[in-house]
Amino acid sequence: MRYLTAGESHGPQLTAIIEGVPSNLPISIEEINEQLARRQKGHGRGRRMQIEKDQVKILSGVRHGYTTGAPITLVVENKDWTHWQGIMSAEPVEEGSEEKRRVSRPRPGHADLNGAIKYHQRDMRNILERSSARETTVRVAVGAVARQLLAQFGIRIGGQVLQINEIVAKRQEVSLDELIARTEESPVRCLDKEAEPLMMAAIDKAKEDGDSLGGTVEVIVEGVPIGLGSHVQWDRKLDGRLAQAIMSIQAFKGVEIGIGFEAAGLKGSQVHDEIVWNEETGYSRKTNRAGGLEGGMTTGMPVVVRGVMKPIPTLYKPLMSVDIDSREPFSASIERSDSCAVPAASVVAEAVVAWEIANAMCEKFPSDSLDDMEENVRQYRAYTEKF
């Protein structure tokens, strides 16, 4: 499978075209909209979330609730577009007009300056509109389609926030069902009820100070069969693809799988997961320090991926920058933004991980229809249990 997204933060809509989804997959628009609503929640979101009520429209590839095998077109309209029609118009406008609203002061930590230089743009709005994290809206919609495919095979996904700024949640061993239920009730998507109010207070203080906060999120995938991905070529390793997917999320600066960077300070005997076998489940591991991936392939254990999000670069008390017209120092430009988007980013992380796992399933079990894919998966799972 593959997909492309298009659209700007303040343009009329965000669009995704997905190709390669098997036919006869039941698609629920309500479930896609539920994921979009999850992305809009979270303590620390900005005023724009009071404007946007994201809802998906499916323009192709789904008929009467089922995929047809044709490309699927997803659209999410930007309600805020009504206030930006002149500024974001595709029609020419006069230089110096209000509609131009040119941006010449790049924000530290954003794509503004690098993109302007690369694409020969003197107006950095042409960069910031596309590089905005608003683009993740339609990626969550894409991920919601992937989740519905995975659900057909009993593969489930959950996520949580582990850290916001200096506040680190205490790790808790809970079932995926409990994790999903409890994080949905948390304004910061955190299991630790003691850390939750501290995180919220830190976000409020950052907002008061005109600053922003980052953090760490974790995604867990259960029910994944053994052998997704491959060891034979670098670009087919599933852990590499998952790392790229997480790092593709705006403002993410780090990723780890399983115990990740902790492994650097441990001995091999403390890192590797011992293999066990029984008649009911076949091969398994005593522990899951590898995070469900070894040699670029899934082990059958839960896939565990974490990502680090830096503080959002748009600050209401901006850092110093340089105006590209005068080359004089100025405070960087200000765009409406969140003070902390880590809870929302955990939903985005779930979406991009869902896509990669679903894509790996389609590669392992290539089928034009869901019916054929289900039979292929059934036979493979029976084979792995008897291996």
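A Cβ is built for glycine as well, from the same backbone N, Cα and C atoms used for every other residue.
As recorded in Swiss-Prot, the features of this protein are as follows:
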BINDING   R39, R45  NADP(+) binding site
BINDING   R130, S131, S132, Q250, A251, G295, K310, P311, I312, P313, T314, R336  FMN binding site
REGION    92-113  region 'Disordered'
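Where Swiss-Prot records a feature, it is marked here on the structure.
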residue : record               : Cβ within 10 Å
R39     : NADP(+) binding site : 26
R130    : FMN binding site     : 18
S132    : FMN binding site     : 20
A251    : FMN binding site     : 19
K310    : FMN binding site     : 15
I312    : FMN binding site     : 26
T314    : FMN binding site     : 22
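Cα spacing between A251 (FMN binding site) and R39 (NADP(+) binding site): 16 Å, rounded to the nearest whole number. For the pair formed by R130 (FMN binding site) and R39 (NADP(+) binding site), distance between Cα atoms is given as 18 Å, rounded to the nearest Å. The two recorded residues, I312 (FMN binding site) and R39 (NADP(+) binding site), show a Cα separation of 16 Å. When the Cα atoms are compared, R39 (NADP(+) binding site) and S132 (FMN binding site) turn out to be 15 Å apart.
Across the region 'Disordered' (92-113), DSSP helix (H, G, I), strand (E, B) and coil residues number 2 helix, 0 strand, 20 coil.
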